[in-house]
């Protein structure tokens, strides 16, 4: 790998060997299905802490947050940092996934509705979603690594030389815009170069790292340790990977500050607007909208049951989980400061590929051995994400899709391991098809909203029906996935003059409804245009209804409108349709909510006894319902642990936000 010192390669190889050894040693504890998928439900607070931290903290978080801050200023961090306000809610949520006492998320739909079809629908949907998550992990890790392993300029071919020269020319022309010195010919040339840039044809650097071999390298390793050791291997490796993620998140800050001349240089090299946490992308409406979709979609994630369900008791699930996710929030702040330092180093929009901010900084700032440690951290984070997602999909495959065809434990375990291999391969293919980190982040933020909304109402509303869930999932998938992602393949839609509107924002053209609007013929200035990327059908619908004026909104305003639409739409559908469709068996429903209110016992034997008592009398905890025993809403009165834990989380969240604001204030003054 050109560009890597032998010390860097040694660090990476050592790490890969360690994780495979861990998987081999864990294989003895994973002979059963529960042992493989849930680590025997024996993981305490320590492992839950790092399992949740490692799963929530992947390289895409570092890259996406640094990229968004580099492009939008520090207020861009809210696309990920809004999760700081979720932690008080997590204090309760992790308990619910432990109390339900199931193996997969798909089991939840069969347990609540008695609907095998809905269970399979969730399983199939999540297998596709997991491939997107796995692909994004692969793609982002490659973005970092590829910017660390550069091709020497003397080795560039003619096309590569033209690509870099075109990017440099575009940046030079853009610098003339504020002075109004562009001629008509220069303006046309700039439009042509911007069009080529939107198509991914211009670059500020050329990498020598081949994409597919990179994906395959660590995919093989994660496949080895997960196939061998299952959730036990994942939990142990999450601990190791968690430490590595912390190290690589801290590494760039001190050396970056030294590179720009010290802390006091931030106020001279970064504008006050870019240091404003509540700037354009940090408006209250945007924060609330992104928090809404983030909170909803988190419930639908396929690995929820595997991670929280592996805890030995509900206190381990809630305390370890909340602690792990708080550490992730602190990592987000560090990643944001990396983006701020990148602005100081390269200037706003000073890189052809903003997704390469993290890797380019690493290349500029770190010496031999430390670059290898950074790459090991990247690989660690990606592996932790791949591990949790692959296990979740494997469990869905063997339990909810092909359960009737697997007649023995040996057959089930064999199928589970082959399922892991298959989904990792699909993740490689998915990653190879991706080309933009910011778009991937927004896709991940909304892709699970349909089933996330369903899970929330499963926990809280007895009146919810399978028909309501079916309607919401199908309609929501059409609105925020299928139509937006396929619309650009329909020529009449992609080339519609109404839909390809472009408005100026801060001196740059911005599409109203598409990610990009490009020329049909790049070489012809008089060519027509077409939409490219995701079609924002949500904002188009709101505009048609007269609720918003899409063309007059800022890009952040259109994102805000999209998130509000995606977040509320499935709830409206479920609430309405459930009132007119058949209810589930009342006995089944009573057993489900009785179990949800039964605390997890201190030992498997004690827990089994409590569950049996609830089976005999499923209404024994109905006196704890906040709105009365006869209410169809399952909100319950809080215990002392609930109250004090929630208040502590609330105080911690605001303390972290306050500290972030204070540090930014010192940076700007």
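Cβ coordinates come from backbone N, Cα and C, glycine included.
Looking at 525-543, 544-562, 563-581, the stretch flagged in TrEMBL as transmembrane segment turns out to be 563-581. Annotated by TrEMBL as transmembrane segment, the relevant range among 175-194, 395-414, 415-434, 495-514 is 415-434.
The transmembrane segment (326-346) shares more Cβ pairs under 8 Å with 77-97 than with any other stretch in the list 77-97, 118-142, 563-581, 644-668.
Against the transmembrane segment (283-305), stretch 440-461 has more CB pairs under 8 A than any other of 118-142, 440-461, 563-581, 644-668. Within its own chain, the transmembrane segment (77-97) is flanked in space by residues 61, 64-65, 68-69, 277, 281-282, 286-287, 290-291, 294-295, 298-299, 304-305, 307-309, 311, 314, 317-318, 321-322, 325-326, 328-329, 332-333, 335-336, 339, 441-442, 445, 459, 596, 642, 645-646, 649-650, 652-653, 656-657, which lie at least six positions past its ends and keep a Cβ under 8 Å from the stretch. Remote same-chain residues near the transmembrane segment (563-581) are listed as 286, 289-290, 292-293, 296, 445-446, 449-450, 453-454, 457, 461, 463-469, 471-473, 475-476, 479-480, 538-539, 541-542 (criterion: CB distance under 8 Å, separation of at least six residues from the stretch ends).
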